[in-house]
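Report on the structure given below.
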Amino acid sequence: MFSSVAHLARANPFNAPHLQLVHDVSGPRSPPGPPRRSRHLAAAAVEGYSCEFGSMKYYALCGFGGVLSCGLTHTAVVPLDLVKCRMQVDPQKYKGIFNGFSITLKEDGVRGLAKGWAPTLIGYSMQGLCKFGFYEVFKALYSNILGEENTYLWRTSLYLAASASAEFFADIALAPMEAAKVRIQTQPGYANTLREAVPKMYKEEGLNAFYKGVAPVWMRQIPYTMMKFACFERTVEALYKFVVPKPRSECTKAEQLVVTFVAGYIAGVFCAIVSHPADSVVSVLNKEKGSTASQVLQRLGFRGVWKGLFARIIMIGTLTALQWFIYDSVKVYFRLPRPPPPEMPESLKKKLGLTE
């Protein structure tokens, strides 16, 4: 299965810009078919890539980039996440960000702000592995199904479909640790560490304790990830087209990473807004026993599900920007192929009468 996916990825339309880098315009046009792959290998050699686009090594390193980008960033903002969760589950006590920090410091001390760091690190590292690794796989797979012209015309829909598919599996890996994290952060005296929380949760509710929140996590994370990837991809495309004063190929690696960070932050703001209501439901659901998502949603009401939005915008905006920056930096460090924003295929230009 994986070998067939790798084969499809090597020939997918997103890879076309790299093939054009080594095209000799003075010579005769190469025939279609097998030579395409050899041209790509030549491009990889010219660029000094460590692996071939679409190879198993490529996907593995993309997954590793996801581990670092999600695991490290989510762990770094645990204090803000803790206060946000407490505002969602007990708005009468925690009335705002600064008030929440003040009460937490007074009751739990500085160490209390780090509650839930272990399940956060483990859970989001596993999620990042699946999210970024599978996104690259599904993007290549779906683009091959659509073909070169349709991939360009429907690229936003492709980004949405690939990211939703990847996040579906990523959340199955995340859900158990997310449930433990919320228990540790929002139920005083329940458990102080992951080692205390997991056995206690299993004893009380069995496996259901770890996966009862997976549907709300899907509700929160799938729209979030769809927005995160699609908005990022199109923002990068727009920045290079309308803002950056020179082509991407002429930008240094550092300049490209700055564009990545800016596009990531813009995407993060939209992500926070789209996913916040479901995030509020998840926080309350994992705190309470026996409640369902619909019951929690009905009880919170419209205003209740938007509690803590400002904190989430700050957190998710910064988080998303850093995640894309780290992920792209990993690609640069390991010398992975980094295709530029997609360009309209020549065949489509001819159909639309855009060629001379």
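Each Cβ is built from the backbone N, Cα and C atoms, and glycine gets one as well.
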Glu148 / Leu348 share membrane side in Swiss-Prot:
yes
Rounded inter-Cα distance in Å - Lys93 (N6-acetyllysine), Tyr190 (phosphotyrosine):
18
